[in-house]
Amino acid sequence: MSSDMAADESEAPVLSEDEVWEFCLDKTEDGGGSPGSDVTDTCEPPCGCWELNPNSLEEEHVLFTADPYLELHNDDTRVVRVKVIAGIGLAKKDILGASDPYVRVTLYDPMSGILTSVQTKTIKKSLNPKWNEEILFRVLPQRHRILFEVFDENRLTRDDFLGQVDVPLYPLPTENPRMERPYTFKDFVLHPRSHKSRVKGYLRLKMTYLPKNGSEDENADQAEELEPGWVVLDQPDAATHLPHPPEPSPLPPGWEERQDVLGRTYYVNHESRRTQWKRPSPDDDLTDEDNDDMQLQAQRAFTTRRQISEDVDGPDNRESPENWEIVREDENTEYSGQAVQSPPSGHIDVQTHLAEEFNTRLAVCGNPATSQPVTSSNHSSRGGSLQTCIFEEQPTLPVLLPTSSGLPPGWEEKQDDRGRSYYVDHNSKTTTWSKPTMQDDPRSKIPAHLRGKTDSNDLGPLPPGWEERTHTDGRVFFINHNIKKTQWEDPRLQNVAITGPAVPYSRDYKRKYEFFRRKLKKQTDIPNKFEMKLRRANILEDSYRRIMGVKRADLLKARLWIEFDGEKGLDYGGVAREWFFLISKEMFNPYYGLFEYSATDNYTLQINPNSGLCNEDHLSYFKFIGRVAGMAVYHGKLLDGFFIRPFYKMMLQKLITLHDMESVDSEYYSSLRWILENDPTELDLRFIIDEELFGQTHQHELKTGGSEIVVTNKNKKEYIYLVIQWRFVNRIQKQMAAFKEGFFELIPQDLIKIFDENELELLMCGLGDVDVNDWREHTKYKNGYSMNHQVIHWFWKAVWMMDSEKRIRLLQFVTGTSRVPMNGFAELYGSNGPQSFTVEQWGTPDKLPRAHTCFNRLDLPPYESFDELWDKLQMAIENTQGFDGVD
């Protein structure tokens, strides 16, 4: 033990409880109390009675609880000496510098609650603070416990939690000066108080009872062990030797434990590319079949994402650019149960073709998650018809059923050899000459903004078995006599035919997209196709070598022709789409160290600033990823990866603002926002940033001589600008430059600037289907709103009346990304872990709605009509950038 440590932890002279009481009574007389009176009568918790330091008789905390139970059991009470010595290896929580830790010591009774509490002094800028403060408590050993909570003092926001230790008092030893080795300190492992807490390190404590009635022999042989479950270490000689907590069970194969940029521990399943907060156990290890099911689920979710033009053009007027191949279905395609004995239509809806081709590809490849037996007919050439597959009837997810534009899900329009149109219901495997009746309502062809004021009479008749009634308070509700239930929502609002073609989007992303497609130049001096022969097990390495081996990037604009080793199949677009899904899964996997999850959730990505430490050729890989992204945009395909908003802004060479930081790192945002709105001079901040790398803290100057420049009211805007530049731009400048170099080899930089950052995400990742019912089911309400509130009814009515793009825009507005978690809105994440979508009543009707992307919260004023809510919500979504209400 070092000399300074020994000096800090020198043993105090032993005082009996009677001596302590005598001293307190003397102090009572000096302080004006009545001689001989009970000390507890003059004490008011949580304050201490009098102050005493048994080492030097200088003032120090001596606390006696005012628990009435003590008076009845005075013979059972003891005085415990608690010494808070030090903290070791605490977590760093202060983003503007080292932590400022202090300890709150609370004596409590599990039955009656807190008895008294005291706080140590704050040690500035230290992760290994030394307090050396003593406290005396009068306690009932069998009833009372002491809770030690460590916090990081923060002037900008609330104090950060660094860990806690809860110690029972009955097993503590009694001080005995005759012992050759006096009782020494113990290091307690700091524990979290919830799964969201990020803690590490130890709290060094010394806890002993004073001898009772002057008896030095009492409990001399008492064991010094605490109750089972606490990890401690008795270390009289080696202060640097730390205890090790019990080894947790090993992770299942393919799993890895990591910490995000906020220090939160999460677990990565590299086989399924999934993450979770809960530590998996070997018993939770997924079978191959389970992994295949999740893989197929991810593929299905990826397949349903589309470009804006894929679901709005009819089959008759659809253009056939090079990136979309029109495929004729073979006449002999059969469905078990009832075959459709008629030729296919001359044009197949693109979304329908992609779904069929993707399913066919999975079946041909023998995907273990696909259990249908497949029989394939021979084909003579690559340009021939699609191979015929006969599938045994299996449950099929509706999302993959072929669907023609303008028809209900699962319905497809076809033509026979005479050119007559008929309709296939893939849900029931039946055909009919009649167009589905739910589409016959002519109102479905009128945009919602041209229908005039929304009225129940405009929605047509109620479905069979439904009745509309008026409640005593004037609100309208609906009765479903079929199942004998009532609800507030109008069932007609869920009729896609009535609410389908909603308000055309004023930003007109569709027109931008079509203009963009027309301006992309088709190369005439390149081969007809670009072939890639790949191995599934080495798809990243094979793709990297093939694409980076091309010196002239224009060759990548040729039609993609992809073959997987050992598989026979035709690539009419489906295999290329599958390749983009698989290569995205590999490129963006944090396992390779090129990307990492953002601070907000575990499904949006950002470039890893330390990627060079993981891969020496990281810049070459970023150029490769840029080329792949450019190929996806050029060929009209999609990437399975969603990035933070500043990433898209950097691609567009737009300035990143403080607002962009909120959805990425809420702690940084809150701190910088406070600095912007207040005078930071008293904080003694400098133009430096502390960065932790592999457990060591490094200082980075934001400008030359920054360590000597104090942040004041005059230069705080410059400080905030430099922090944002460092956080998003400077640290990844080389990686981003390599990515853009590869991307702009295929896509003209000036042409991409017609989009904003939200539209660029849709261009690269596509539009997904938002399940409004799932969204609504996993929504919380605050500050007066509830599921049955009239404004909430109007809000969900508005969401149901939106088209797919507008719903995605609303999702981007409130969460910062167009990505819905694979398992739905139940797994939506915010800055502090799982965070459900929340609608909170706020403001007055003259205000626009505002969003808090780090909390997935929408502040919605109490509007007085549906039309007012509709107009204000549209305005807020479309004018996010210049809208002060969004923070």
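Note that Cβ sites are derived from N, Cα and C of the backbone, with glycine treated the same way.
Annotated features, as they stand in Swiss-Prot:
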{"type": "CROSSLNK", "residues": "K847", "note": "ubiquitin cross-link"}
{"type": "DOMAIN", "residues": "58-183", "note": "domain 'C2'"}
{"type": "DOMAIN", "residues": "249-282", "note": "domain 'WW 1'"}
{"type": "DOMAIN", "residues": "405-438", "note": "domain 'WW 2'"}
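When secondary structure is read from DSSP and collapsed to three states, the residue listed as 'ubiquitin cross-link' falls in the coil class. With DSSP classes pooled into helix, strand and coil, the tally for the domain 'WW 2' (405-438) is 2 helix, 13 strand, 19 coil. All protein chains shown were included, and the count of other CB atoms within 10 Å of the CB of K847 (ubiquitin cross-link) stands at 16. If you average pLDDT over the domain 'C2' (58-183) in this model, you get 79.
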